[in-house]
Amino acid sequence: MLAGRAPLGAAGCGRLLAAGLLRPLLCGLPPCWVTAGRHYPSLRVAEPAKEKRLVRKEQRSSLVVRRFIACPQLARTVRRCLQGGAGPGPQPLLLEFAPGPGILTQSLLDAGFRVVALESNSDFLTDLQSLESSLDGRLKVIHGDFFRMDPMAKGALKPPAVSSEKLFKTLGVAAVPWRADVPLKVFGIVPQQLERNRLWRLLFAMYECSSIYRYGRVELNLFISEKEYTVLTAKPGKSKIYQALTVLAQLGYEIELLHKEPWSSFATSLKNGGLAIPKAGRLPNDHFCLVRLTPQQNLFTGGLKPSNASTFIFMVKQSFAKPKSKLTDRLNSWSLDNSDRLLKALEIPRNASMYNLYPEDYKRLFEALQNSDLFAENFFHDEVLTSTRTMNL
C-alpha cells in the first residue's frame with residue numbers, strides 16, 4: 001500500500017479511469033504493481049495507454065452508454081459472487097457479454113473459469129483475441145452482441161448480430177431437459193438504454209424456451225439498475241412498483257441479489273468520461289445490482305407450457321393495464337360469465353384487485369381459464385404479434 005494513501009475502493013477506481021489516470025493507481029495499489037510482474041505471474045495487465053486508447057475509441061463510436069468493470073478490486077468481488085461457494089478446481093463454463101477491457105475476464109481466468117467473451121466493439125475485440133491466443137483454450141472470443149441474439153430479420157446474420165444455435169454449437173453446450181442442472185452461466189452489464197425492454201425480451205425467451213433457453217435453464221448474472229431490481233422483487237399491494245414484470249419474473253426466476261455497487265464504481269463510454277449516474281426518482285436508484293436469475297425448475301407444471309406462455313404473459317400484462325381494478329371486472333371484460341364460481345374454486349376473494357394477487361395466483365387463474373370453454377387463447381392474438389415485433393431489439 002502506498003505510504004500515506006488510503007485505499008481508493010471500487011468507486012475510486014472508476015473515477016480514476018474516467019479521469020485518464022494510470023491503472024497502477026487503481027484500488028490504491030502502488031505504481032510498481034505492473035512493473036513487478038514476477039509477484040503477480042497469472043495476471044496480465046494491458047498497458048495503461050492502450051487501455052485508455054480503447055476506452056476512448058469506444059467513447060467515440062458508441063451511441064449506447066456502456067459501463068465497464070475497470071477496477072481489479074471490483075472484478076475480484078464479482079468473481080467471488082459468480083463462484084457462488086464453488087470449491088477450488090475447474091469452474092463451469094461462463095459466457096461473459098460486453099467484457100470491454102477484460103479486467104473481469106482475466107480475473108475469472110485466473111480463478112479457473114473457462115470463459116467465452118462475446119464482444120461487439122472491434123477495438124476491445126482485438127485486445128481480447130490477443131489474450132485468447134496466449135491461453136490454452138480457456139478463453140474463446142466471439143464477435144457479437146448478446147442483445148442482438150436471434151433477431152427476426154431473415155437471411156444470413158452479420159456480426160454483431162449472432163445466432164444462439166451457432167453460438168451454443170461453438171460453446172459445445174448441448175440442449176438439456178428443463179428440469180436438468182443449469183447448462184451455462186451468463187454474466188454481463190445491461191445497458192441503461194432500453195433496460196426494461198431488454199429484460200422483457202429475456203423474459204419472453206425464457207417463458208417460450210426460445211433462443212438461449214432452448215438449451216435449458218440458462219443462469220443469468222446481470223448488473224441491472226437498482227430501480228429495476230426493486231420492481232422485480234416488489235410485493236403485492238404496492239400499486240406503483242408491483243407490475244406485470246414483477247409477477248412474471250418472480251414466477252419464472254429464482255431471484256437472488258449477489259452484490260450492490262455504486263454507479264461511480266464503473267467506467268463509462270461517454271466522451272467526457274462522465275459517470276452517467278441516473279437521477280433518483282420515486283424508486284431508489286443509487287446502485288447497480290448484481291442479480292442472479294435462475295429459471296424455476298417447476299415453471300412448466302400444470303397447464304402452463306412454452307406453447308401457451310405468450311398467452312399467459314399477455315393475460316398478466318393486460319391485468320396490470322389498470323392494476324387497481326377488481327379481478328371480477330377484468331374477468332368480465334374477457335367475457336367470462338362464471339367468474340364468481342371460478343374465484344370461489346381458486347379461493348381468491350371476489351373483491352381482490354389485480355395488484356393484490358400473488359404471482360402464483362396468476363398462474364392458477366390462467367390454468368383455470370385454460371380449462372374454461374368460454375376463454376379463447378386467440379383473445380390476445382393481436383397483442384402477442386404486436387409486442388413480439390416491438391420486443392425484437
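Backbone N, Cα and C define each Cβ position, glycine as well.
TrEMBL lists I69, E119, D145 with the feature S-adenosyl-L-methionine binding site. Secondary structure at D145 (S-adenosyl-L-methionine binding site), as computed by DSSP, is coil. D145 (S-adenosyl-L-methionine binding site) counts 19 other C-beta atoms within 10 Å of its own C-beta, drawing on all protein chains shown.
Per TrEMBL, the feature domain 'Ribosomal RNA adenine methylase transferase N-terminal' maps to 64-271.
The signal peptide annotation in TrEMBL covers 1-28.
DSSP gives E119 (S-adenosyl-L-methionine binding site) a strand state. Contacts of I69 (S-adenosyl-L-methionine binding site) defined by a Cβ separation under 8 A and a same-chain sequence distance of 6+ are given as A75, V78, G100, I103, L104, I189, F266, in order along the sequence.
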